[in-house]
Amino acid sequence: MNFEKFTTKLQEALNEAQSLAVAKDNAYIEPVHLLYALVKQQDGAIAPLFTTLNVSTQTLINELELILNQLPQVTGTTTQASQQLIRLLNQTAKLAQQFNDSFISSELFLLAALDDHGSLGKLFKAFGLTKENVTQAISQMRGGESVNNQNAEQTRQALQKYTIDLTERAKTGKLDPVIGRDEEIRRTVQVLQRRTKNNPVLIGEPGVGKTAIVEGLAQRIVNGEVPEGLKNKRVLSLDMGALIAGAKYRGEFEERLKAVLNELAKEEGQVILFIDEIHTMVGAGKTDGAMDAGNLLKPSLARGELHCVGATTLDEYRQYIEKDAALERRFQKVLVDEPSVEDTIAILRGLKERYEIHHHVQITDPAIVAAATLSHRYISDRQLPDKAIDLIDEAASSLRMEIDSKPEPLDKLERRIIQLKLERQALQKEKDEASRQRLAKLDEEMTAKAQEYSALEEVWKAEKSALLGTQHLKTELENARIAMDQAKRADNFEKMSELQYGTIPALEKQLQDAIKREEENNDHHLLRTKVTEEEIAEVLSKATGIPITKMMEGEKEKLLRMEQVLHSRVIGQNEAVEAVANAILRSRAGLADPNKPIGSFLFLGPTGVGKTELSKTLANFLFDDENAIVRIDMSEFMEKHSVSRLVGAPPGYVGYEQGGYLTEAVRRRPYSVVLLDEVEKAHPDVFNILLQVLDDGRLTDGQGRTVDFRNTVVIMTSNLGAHLIQENAEITYLAMKEMVMSVVSQHFRPEFINRIDETVVFHPLDQQHIRAIANIQLQRLIRRLAERGYQVTISDTALDHISQAGFDSLFGARPLKRAIQQELENPLAQQILSGKLLPNNPVIIDYQDNHIIAKQ
């Protein structure tokens, strides 16, 4: 017998049957071995055939295993095919000729095995299999095709293997409801109704709901809410992963796709094929000289044999499909825009129930409104409704996590009880009177805590069971509604009326009663079961770092103390501190323009007066981290070409993928202080890109992405006009500001200066300011020494000397650091290393005989 004439699947099954016979020490490979291998085979033809014949494959496998275990076992012999198996295979070859097959397939072996006179024949009789019903099932499975290649079995029932039936999922209620999008669905239906080129392609940004539109179409078809031409059609989604997975050899992928297209052609327009991410079809399966999937689709699309709905993003459509003009002309574009905030709220209200059932929590309407509005305002790089749905989902998930875990009061009590038990064990070993008294007190506390714990646990369990009861009713009600829809479609009026007038009203009443009871006993002091706008804001704050949550009393107090905190570190610059503090207060009170940065400032003044220090102090105040500052030294951007480093190199240049210094930093940390240091040293062209940041709070980077600057504080520092400030230190602040601004307006363009919220001129520092700064810096030194065990106090005379030594009206506070190093740190370091100063002893630093001394 020529084994080359067997299909691939039958050859694999024969090899498997031989392995099985060897494993079970059987001398011969019997027909039962082969049938067992065929039934267990993945993607084989036999298992689906038995399903068609209403025979349980699991029952059949169990029966076959019983027969296999009864076969005689022999050791030390070579396994060979039995006469009975050879006879059946010959019979199968004859049947293949009768069916006009070029290759011998697995299902014909089943037909031949019906003539078996042994245990297999008896088994088939027990299952009620006859030649007539098996032949009929084979014809149904083959769909009128003969076996003309070795892989014929793999390409059968291609639609079942490589597609997902969306209409079936809509019937069983597995698809989420689709709210709105009527215009897009109507346009899609309009294109599908055409005679030729009836293939719409949905194009839109990621997350706007392209796939949801097709799901909405499937739901409308199921409910009969479509024109006559689309009624009773099926919407199948092509599973590209299943189509490509396991296609090892050249041509196998094309074979599978061709099988799908052939089956679709046989359906004669009764199937609408949905290809999500349709751009993946262009180039899919393309190897040297092979056709890609896109070219295989073209003839079917042009002839109208294939009703296809595609979905892809704008960028990918341009990149892949527009390049192939022949493929593009076969599709009709349907643009899917981002829904408005109002439409998003409607969509979320429709989805609310599904998410409530999944997470077992209640989602309030203010939470839905907050999710739509806050995500629209604060998440700029993604689209509605996807980003709003994500917020609802995550907020509900975090609440569900809290419900499932032990509440904090219970957890604290449990830990305290464990702590008391450990203490009790230790005290039991002691015999003295004090320990006994302590033990008695401990027992009293333990009893009280245990009672408190059990009472709280009862409350928690009662709350949890009430919550689970409500959720169970919601799930039952949802299932009853799905069952009613199915009964309506099947014209089962008896079941429909039973559900509509009996089951559903009863469940609704039970649910209302349960919710009413919950509200009456509304003392949920352990479990939070409602998603409110606060939970939404909390999730968004964690994701973006922008403080959106309602301000707690502590934060309000902190903000009102803001000027005081800034003054404690930035000395002698009242106007600057006030301007910055007011900008932050306006923003957190919700009064600032939402389309501009929180504040944009130009700090002018001589070197070393606190311009950069104020920026650092602000970052430290807002984020408790001095490094939460995007600092860019503008002296690095002196050449014209270096401007691109801020926003990223243009396409075609090295470093295009890396993004810009400024844009990438703000994308990663949208709520931050942006410090552009020494701004006058940058090339004038740099200020052109800052115009849109200061005006609209946005900047487009080299890759075309819009970066949101609306939650940043933009601070620019400059030394322009510093000489005027030094020379005219005695005149009024306003007069000095006017003089400095005349110099600034000569250097910067009017449109740049006009966009800055406030230009702040810093005063030169006098002796008193330097003394206060010296005190701050010396306190830092004292803290560093305290960490090493030295308790240091500095006398007023020493402080006066250091502040005088570090005072220079031209250079501000910077010489002070050098003075502290030379006058104090250097001699201190020598004395510590030489052992003259010992830790854990008080150290007094004083000024005597024209130099600073440290004594213990």
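Even glycines carry a Cβ here, placed using N, Cα and C.
For Gly204 (ATP 1 binding site), applying a Cβ distance below 8 Å and a minimum sequence separation of six or more within one chain yields Lys210, Thr313, Leu314, Leu335, Val336, Asp337, Glu338. What Swiss-Prot records for Gly204, Glu205, Pro206, Gly207, Val208, Gly209, Lys210, Thr211 is ATP 1 binding site.
If you look up Swiss-Prot, you'll see Gly605, Pro606, Thr607, Gly608, Val609, Gly610, Lys611, Thr612 marked as ATP 2 binding site. DSSP assigns Val609 (ATP 2 binding site) to coil, not to a helix or a strand.
What Swiss-Prot lists as coiled coil is 389-523, and the listing cites similarity to another entry.
Positions annotated as domain 'Clp R' by Swiss-Prot, on the basis of sequence analysis: 3-144. The helix, strand and coil residue counts that DSSP assigns across the domain 'Clp R' (3-144) are 94 helix, 8 strand, 40 coil.
Look at Swiss-Prot and you will find 6-71 tagged as region 'Repeat 1', backed by sequence analysis.
The feature region 'Repeat 2' is assigned by Swiss-Prot to 82-144, with sequence analysis given as support.
Summarising the annotation, Swiss-Prot assigns region 'NBD1' to 157-338.
Taken from Swiss-Prot, the feature region 'Linker' covers 339-545, and the record attributes it to similarity to another entry.
Taken from Swiss-Prot, the feature region 'NBD2' applies to 555-764.
As a summary of secondary structure, the region 'C-terminal' (765-856) carries 52 helix, 18 strand, 22 coil according to DSSP. According to Swiss-Prot, the feature region 'C-terminal' maps to 765-856, an assignment based on similarity to another entry.
Counting Cβ atoms from all protein chains shown, Glu205 (ATP 1 binding site) has 16 others lying within 10 Å of its own Cβ. Note: the CA-CA distance between Gly608 (ATP 2 binding site) and Glu205 (ATP 1 binding site) rounds to 49 Å. Here Gly207 (ATP 1 binding site) is compared against the binding-site residues Pro606, Thr607, Val609, Thr612, and the shortest C-alpha distance is to Thr612. Taking the C-alpha positions, the distance from Pro206 (ATP 1 binding site) to Lys611 (ATP 2 binding site) comes to 43 Å.
When each of the listed stretches 6-71, 157-338, 339-545 is scored by C-beta pairs under 8 angstroms to the region 'NBD2' (555-764), 339-545 comes out highest.
Here nothing among the binding-site residues Glu205, Val208, Gly209 falls inside 10 Å of the CA of Lys611 (ATP 2 binding site).
Rounded to a whole value, the Cα-Cα separation of Gly610 (ATP 2 binding site) and Gly209 (ATP 1 binding site) is 51 Å.
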